[in-house]
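Heads up: the structure comes next, in structure tokens.
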Amino acid sequence: MGSTTDGSNGSEGVGRRDLIKRSAALGLISVPTMGFLSACASSGGGGEEKAEAGEKTAKNPLGVNDATQMEFVLFDGGFGKEYGQDAVKLYEKSFPKAKVKFSATQKIQSTLQPRFNQGTPPDLIDNSGAEQMDMGVLVGKKQLADLTPLLDAPSYDDPDKKVRDTLRPGIVEMGQFDGDPVWIMYYAYTVYGVWYSQKALDSLDEQYPETWDQMLAVCEKAKKKGMAGWTYAGKYPYYLPFSLYPMIAKVGGREVLDAIDNLEPNAWKHPAVKASFEAYYELFKKGYVLKGTPGLDHIQSQTAWAQGKALFLPNGSWVENESANVIPKDFGLAVNAPTGLDSSDKMPFGTIWASGAEPFVVPAKAKNPSGGMEQLRIMLSEASSRNFTSKVKSLSAYNGGTTGITLTPGLESGQAALEKAGDNVVNPRIQDWYVKLQKEQIGVSGLGEMMAGRMTPAEAIKKIQGFADAAAKDTSIKHYKHQ
Amino acid sequence: MQHGKYRFIVGFLAVPLGLYALFVVWPFIQSIYYSFTDWTGLSPEFKMVGFDNYSRMLDDDIFWKSLQHSLLFALLLPVVTIGLALFFAFMINVGGRRRKGGPVVSGVRGSSFYKIVYFFPQVLSIAIVALLFQFAYNPDSGAINSLLRGIGLDSVQPLWLGDPNLALWCVMAVLVWSTVGFFVVLFSAGMASIPADLYEAALLDGANRITTFFRITLPLLWDTVQSGWVYMGILALGAESFAVVGIMTTGPGGPDYSTTVMVLYVYQKAFRDGQAAYATTIGVALLVVTLAFAAIVMRLGRRERLEY
């Protein structure tokens, strides 16, 4: 310090008294800063002004203002971004003067959360992927626009038919949280179930089992040939419900799942739940689950399954795309509805879980919400839907759009499973209503522990019921009920 | 003159202190403020809720579990990592056999090669390290279990990350592996600055390697070890543990909450459950733990500084 001054006469730098004075000053500054702070998170007052509505015509039923910019943020995941770009081109064709700002990202939350906080969100968001923003909170905090105008608008292909009537079963209900407003438009349609290789099943000289006794017999036969019956994403055991929940519905009826979704007391103590848990536990007890499964993640388990180390895998229809590079050409990928217990089950064989995926939302504070909805209307046309299905190997929410294109084996089998199911499609909501409960508590701490053999079915049910009861009592989360 | 001096000092300090205040102090103040609200993190609206978040935290089993794991990380990881790193650095720099005509103090044969090898993990991003080990720990076809099978231990096939009793140790092993190299290099640099005549004197007095290490190397390296200790503790409480637990473990944080740590819990609360205010509350607890850790280490490690 001495070098900084030439003629300092023994000064000792900052004196003690100065220090006290200064810290007092600092205290004075920090009081107004707290006021500034509270303004910081809530600085979103300015984003309220909406674009002027355009004229509503037959070609423009939502009244999109031709001259306004529309911003569309797509999740750039397993489905890529091409289908979004194609849809944007159609939008630009309809509204040549409008500027469309399109972007695709995997970091939905990191890019968009600040914009929600500022009150300047884009007009259409595909809120998907690992960085999905919690839908319950977005709805609860009134951050989303009601999509009813879109659903009641005439569909893109047929002006006499509303958009609502062109969708697959369950899509509209899934977009509702409580009451009539529809907050989310799920664009993709996923079939959950038991995935297997038809070739492997043929080589065992077996049919897909419809009762649990048959299932155990098939697994026993496979075991003799050195093949495990089942494997699953052991590190993410919340893949097990993809076949377990519809099995519970098949055994005990839809209302068992509804009670579980509604977090009703003792919902998990229903005999159908117990019977299904015990059936799955038997797979472990008899050694039909691939050794080491609890340490495998989804990719590793899918790879082991594709290599023929295990016969059955609970999964969703994305597995065909996700594991495309490890599934052999002659694999004969197929999906089927979960095996039930026996003929006394409440619902017929074929009961399957299918539901929307890839949730699209229009923020309440968007500048051009009708533009966002119009973009969705375009995407829900038959041509766009067919384009989506052929490009990403997934069904879309549009009921149809599969004629005239060659379906991949998994897609075709999924389509067949849906046809077989007819009305017996179940749609457990617990995984989008209570993410933590479903994944971390029921999945990892309940089912995961049971299937690793560290807990009996009775213990697992008791533990899960405890989690559900705690969630029902937790005031920090929003609760939903089936209508 | 006084004026000129102050202006000079202020001129130098204003910018760095300003940056520090803006990017370090300010976010801390903000977090503490938010911990008294019910902010979701997904909308601009929130209200003050007093100490609700804190009382909730004290009743939260998962919070206590994550705190327990974080403390274990902060205590155990520095001991193991720094212990290993000191041993390696000593062997590389001092521990070698005396060769004819060579210098008095030298490392073991091939020490310059080892020095580079130890540093390898440091050039890999922690995310890649975690992914690599995830493959190694794969119970079905991973390197470790394959090796065990290869040497005839077919019956010993642990689930590694899938076993609640092993998962936390698996994660710690990865952290040690990936950070030990950095400390080897750090301590090597420190040891290089210790004058060789001290060693010569010790050798003349007939000291063996162990005595040399404890009587000469360690005391003269104490400052470096101490800062390394704090640094490693902060890594273990913060970013590194978040990355490995988040990427490698079941869930993540499992199986059955056996690996969850405070940073992961903060992340899950803020970005999965939409409870940013509660997350900042846990963040404040993490801040307290980190500060306490640094203070304790500084306090316990206080020694007379040696000049050489």
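Cβ atoms are placed via backbone N, Cα and C, with glycine included.
Note that the coordinates shown come from a computational prediction; the quantities given were computed from them, not determined experimentally.
The domain 'ABC transmembrane type-1' annotation in TrEMBL covers B:67-297.
The transmembrane segment annotation in TrEMBL covers B:7-29 (among others). Counting only same-chain residues 6+ beyond the ends of the transmembrane segment (B:7-29), those with a CB under 8 A from a CB of the stretch are 287.
Residues annotated as transmembrane segment in TrEMBL: B:71-95 (among others). Distant neighbours of the transmembrane segment (B:71-95): 105-108, 111, 114-115, 118, 168, 172, 175-176, 179-180, 182-184, 186-188, 190-192, 199, 209, 212-213, 217-218, 221, 225, 228-229, 232-233, 235-237, 241, 261, 289, 293; these residues of the same chain sit at least 6 beyond its ends, with a Cβ under 8 Å from one of its Cβ atoms.
Positions annotated as transmembrane segment by TrEMBL: B:116-137 (among others). The list of residues near the transmembrane segment (B:116-137) in space but at least 6 beyond its ends in sequence, with Cβ under 8 angstroms from a Cβ of it, reads 88, 143-144, 160-161, 170, 174, 177-182, 184-185, 239-240, 243-244, 247-248.
Per TrEMBL, transmembrane segment is recorded for B:166-187 (among others).
Taken from TrEMBL, the feature transmembrane segment applies to B:229-248 (among others). Tertiary proximity for the transmembrane segment (B:229-248) is limited to same-chain residues at least six positions away from its ends with a CB under 8 Å from its CB atoms, namely 70, 73-74, 77-78, 81-82, 126-127, 129-131, 133-134, 137, 161, 170-171, 174-175, 178-179, 183, 259-264, 267, 286, 289-290, 293-294, 297-298, 301.
Per TrEMBL, the feature transmembrane segment maps to B:276-298 (among others).
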